[in-house]
Amino acid sequence: MLPFILFSTLLSPILTESEKQQWFCNSSDAIISYSYCDHLKFPISISSEPCIRLRGTNGFVHVEFIPRGNLKYLYFNLFISVNSIELPKRKEVLCHGHDDDYSFCRALKGETVNTSIPFSFEGILFPKGHYRCVAEAIAGDTEEKLFCLNFTIIHRRDVN
């Protein structure tokens, strides 16, 4: 009986289910997916129109979620790696509390946020490889973590 308990205890971390990838889009030059990177697993819906290509596309990323706190102040901590090389942490402030560019700024706790954010990769050349971006959304005066998402981008073609 002791070997069975020892064996099952040692292998349980190995046999647990890996973090489920949420499909985001699959284009001619990139596969993009995301998963949760914290235990909160906050319900969020992300899609793009058109599917993101890293070769000069532009469009909109659609985001829908219900914030657990007021969005008067909102910023993202971005941790990015390219082919396993870590880049410096980046802090991207979206909602300053005044003269904000985005309609969802000042949304209150419990209100549905449904927004479209424009993107463009015109003139940017991405080398092929494996990109990872962890995005932590931090909101409010108390700097509460709203959610954490781990984006994976596999760029299949070298455009240089």
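Placed from the backbone N, Cα and C atoms, the Cβ positions cover glycine too.
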Legend entry - Per Swiss-Prot, the disulfide partner of Cys37, chosen from Cys133, Cys148: Cys148
Legend entry - region 'Interaction with lipopolysaccharide' range according to Swiss-Prot, out of 54-58, 119-123, 139-143, 154-158: 119-123
Inset, instruction - According to Swiss-Prot, Cys95 takes part in a disulfide bond; indicate which of Cys105, Cys133 is its partner. - result: Cys105
Legend entry - Member of Cys51, Cys133 annotated by Swiss-Prot as disulfide partner of Cys25: Cys51
Legend entry - For the region 'Interaction with lipopolysaccharide' (119-123), sequence-distant contacts whose Cβ falls under 8 Å of one of its Cβ atoms, 6 or more beyond its ends: 48, 52-61
Inset, instruction - Check the Cα-Cα distances from Asn26 (N-linked glycosylation site) to the recorded positions Cys37, Cys51, Asn150 and tell me which is shortest. - result: Cys51
Legend entry - disulfide-bonded residues listed as Cys37, Cys148, least Cβ neighbours within 10 Å: Cys37
Legend entry - Under 8 Å by Cβ from Cys95 (disulfide bond), same chain, sequence gap 6 or more: Leu71, Lys72, Tyr73, Leu74, Tyr75, Tyr102, Phe104, Cys105, Arg106, Ala139
